[in-house]
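Visitor: My structure is below; once you've seen it, I'll send some questions.
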Amino acid sequence: MEERGERGRTQENGRSDGSAREPRSSACTSLRMFLVALSFAYFAKALSGSYMKSTITQLERRFDIPSYLIGVIDGSFEIGNLLVIAFVSYFGAKLHRPKIIAVGCILMSIGTFIIALPHFIIGRYEYETSVRWVVNSTLNPSPCPVGSPAEQTQYGKLPQVPATGCESESNLSMWIYVLLGNVLRGIGETPVQPLGISYIDDFATEENAALYVGCVQTISVVGPVFGYLLGSLCAKIYVDIGFVKMETITITPADARWVGAWWLGYLIAGVITLLSAIPFWFLPRSLPMSGPRVPEKCTPEQTSFIKESPLLKHKYPADDHTSFIEMAKDFFPTLRTLLAHPVYLIYLCVTIIQLNSLIGMVTYKPKYIEQHFRQSASKANFLMGVINIPAVALGMFSGGLLMKRLKLNIMGAARFAFGTSLIGYILSLFFFAMSCENAKVAGVTLSYNSLDAISYDKHSVFTACNSDCFCSSSDWDPVCGENGITYVSPCLAGCTASAGSGKNTVFSNCSCVGVAGNFTASTGQCPQKDDCDRMFPYFLALSVITSFIISLGGTPGYMLLIRCIKPQLKSLALGFHALATRTLAGIPAPIYFGAIIDTTCLKWGQKRCGGIGACRIYNTTAYRIAYLGLTLSLRTISFIICIPGFILLSRQLKEEERSGIHGALTNGGTELEALRKEEFVICNSEQTQHTSDNSTDRQTRL
């Protein structure tokens with residue numbers, strides 16, 4: 001009977017142990033599934049975001065808009081975040097977070113599809129060119145129409161006659177679709193980061209939380225690799241592929257007028273983003289506590305006690321079924337408490353300034369490579385995706401791994417992030433030495449009279465050698481003369497005849513190319529083979545090294561944000577941090593970076609309906625100084641603000657340590673006093689019992 005009872009108890013214990021292990025394993029599986037789903041969502045949003053940056057020059061040329069307007073379009077993504085992020089972060093933390101993230105992914109995909117919509121609305125892309133696709137070369141018209149210079153306007157331009165059907169095909173309103181689609185994409189991206197990171201930090205063990213966040217951040221940096229590669233592939237394909245005969249296209253991907261199939265990548269990115277929403281619909285609202293936060297051998301009463309502990313109360317936000325009105329009343333007092341935190345405010349200011357530098361640099365880096373080192377848009381995007389972005393991903397992952405291995409506390413993480421950023425800043429100063437001269441363009445970077453020295457003074461494209469031609473100075477149809485000089489158009493080169501067709505057209509009798517007038521010119525800009533080609537590999541190598549070093553401090557810096565505030569303020573702190581950085585960095589940085597870059601333009605394109613279009617050629621020296629100088633100046637300011645940040649952080653840690661010791665002493669004194677009272681009660685009871693026993697013995701003896 002006793003053996004059967006023991007066996008029954010053993011079976012009961014076995015069943016109870018199995019039932020205890022089953023929720024723990026299912027919680028672990030759900031957490032891993034959430035980690036995979038969140039990583040895929042990060043990948044999708046990073047892919048579409050990086051693809052947007054890779055199409056900057058394509059959008060400029062397709063819609064004939066300057067760089068600052070592209071900055072407005074790029075910043076519209078942050079405007080979408082600004083509209084809803086604070087409320088999503090606060091209220092979303094108390095609702096079903098996985099499903100909210102799923103809805104956000106669906107909105108992102110819809111916005112991405114809207115961005116591609118203008119391609120299917122507007123007409124075919126038309127660029128200015130004097131080259132015609134004709135089979136019989138004898139029918140080629142003369143590039144130099146005879147006319148009187150007096151017929152030109154006082155600005156040296158032909159009277160502009162708007163093209164027929166110009167109003168109906170105006171590109172002015174079409175880029176607004178891109179802007180609105182990007183706003184919707186920003187709204188959809190809002191819940192992914194704050195709710196996803198807080199979900200992981202709530203239900204993962206303390207030692208694994210930093211590693212998990214590092215993994216997700218790493219995936220978010222891997223996404224741009226494919227985004228830029230997709231941008232490189234689409235930039236090689238002509239914008240109207242499938243609708244025009246490619247034999248009739250007289251420009252190449254290296255030409256400043258080339259526009260790739262920018263719309264195709266948005267369709268692909270939209271499908272991927274839509275697929276990322278599916279797994280979140282099958283994930284639970286909350287998970288049981290796992291790891292060392294709940295001991296394995298605990299009774300239900302002990303588990304309930306641990307769960308209701310005030311130290312872990314923030315780990316179960318989904319269990320608090322408070323009303324919407326109560327949550328709304330607590331919002332502003334909670335926000336006031338958060339903004340009264342001095343370390344959080346300093347961290348916020350530093351990251352805002354550094355993100356201004358980072359966003360401005362990354363947004364226009366492919367364009368910088370194109371203009372400064374004279375690379376095609378396809379090659380610039382390819383190099384960004386294959387060389388630069390993997391270095392950032394490796395740095396992010398290594399930073400999270402080092403933080404776990406070194407077991408860095410808050411101060412250690414802050415020093416690590418500051419040190420890596422400072423080393424990257426010092427290395428970035430060498431970019432100023434990697435300079436390239438601008439292309440030799442007659443009438444733009446050098447005068448017709450002195451074709452040796454490059455200068456950026458205002459030159460005239462009209463001179464004695466092309467005075468007999470009735471030319472327009474607004475067109476950009478470059479040709480390369482035999483003398484190695486690029487001319488704005490065959491007309492301005494003084495060419496009177498042409499032979500061949502398409503890309504193989506050769507212009508002859510060009511009076512500006514040679515004195516005798518019997519020199520020829522070919523289509524496209526002259527390839528400049530100088531020290532710039534030898535400098536480009538060094539630029540890429542230094543770019544990879546600095547990107548890796550700076551990104552090492554990314555994960556420790558992000559964990560500093562999570563750990564420097566109270567746990568119950570974590571979701572709101574992450575959301576408000578994202579709100580502030582998007583408002584003060586994500587929106588303005590591309591705009592003022594683009595506006596400053598526009599000031600270095602030497603030759604603007606002309607819209608079909610009149611007005612200034614996209615820039616064709618830049619002042620390389622001014623571009624380098626403006627782009628790099630603005631980037632490093634912002635980072636210098638952020639380093640200065642870090643000094644009071646370290647002082648305040650050390651004070652906060654000392655106060656927390658002091659209050660912790662005081663709390664331990666207080667608790668210890670309370671427990672000691674309780675033990676003394678208990679001992680006093682026991683002693684009194686024993687003395688009373690001893691007295692009563694003595695009186696009983698005395699009565700018995702009597």
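Cβ from N, Cα, C; glycine included.
Keep in mind that this is a model prediction, so the values were computed, not measured.
Straight out of TrEMBL:
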DOMAIN    34-654  domain 'Major facilitator superfamily (MFS) profile'
DOMAIN    459-514  domain 'Kazal-like'
REGION    1-24  region 'Disordered'
TRANSMEM  31-48  transmembrane segment
TRANSMEM  68-93  transmembrane segment
TRANSMEM  100-122  transmembrane segment
TRANSMEM  263-283  transmembrane segment
TRANSMEM  344-362  transmembrane segment
TRANSMEM  382-402  transmembrane segment
TRANSMEM  414-434  transmembrane segment
TRANSMEM  535-561  transmembrane segment
TRANSMEM  573-597  transmembrane segment
TRANSMEM  625-649  transmembrane segment
Visitor: Three or more CB pairs closer than 8 Å, sequence separation of 6 or more: does that hold for the transmembrane segment (68-93) against the transmembrane segment (573-597)?
Guide: yes
Visitor: Looking at the stretches 31-48, 263-283, 382-402, 414-434, which one shares the most CB pairs under 8 Å with the transmembrane segment (625-649)?
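Guide: Selected stretch: 414-434, with the most Cβ pairs under 8 Å.
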Visitor: Taking only the residues in the domain 'Major facilitator superfamily (MFS) profile' (34-654), give me the average pLDDT of this model.
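Guide: Mean model confidence (pLDDT) across the domain 'Major facilitator superfamily (MFS) profile' (34-654) is 79.
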Visitor: So which of 31-48, 100-122, 535-561, 573-597 has the most C-beta pairs under 8 Å when paired with the transmembrane segment (344-362)?
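Guide: The listed stretch sharing the most Cβ pairs with the transmembrane segment (344-362) is 573-597.
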Visitor: Please spell out the DSSP helix, strand and coil residue counts for the domain 'Kazal-like' (459-514).
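Guide: DSSP composition of the domain 'Kazal-like' (459-514): 6 helix, 14 strand, 36 coil.
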Visitor: Counting only CB pairs under 8 A, let me know which of 31-48, 100-122, 535-561 has the most with the transmembrane segment (263-283).
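Guide: So the stretch in question is 100-122.
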Visitor: Under 8 Å between C-beta atoms and at least six residues away from its ends: which parts of the chain pack against the transmembrane segment (535-561)?
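Guide: Distal contacts: 210, 213-214, 217, 221, 344, 347, 351, 373, 375, 383, 387-388, 391-396, 398-400, 402-403, 408, 410, 412-414, 416-421, 423-424, 427-428, 430-431, 434-436, 573-574, 577.
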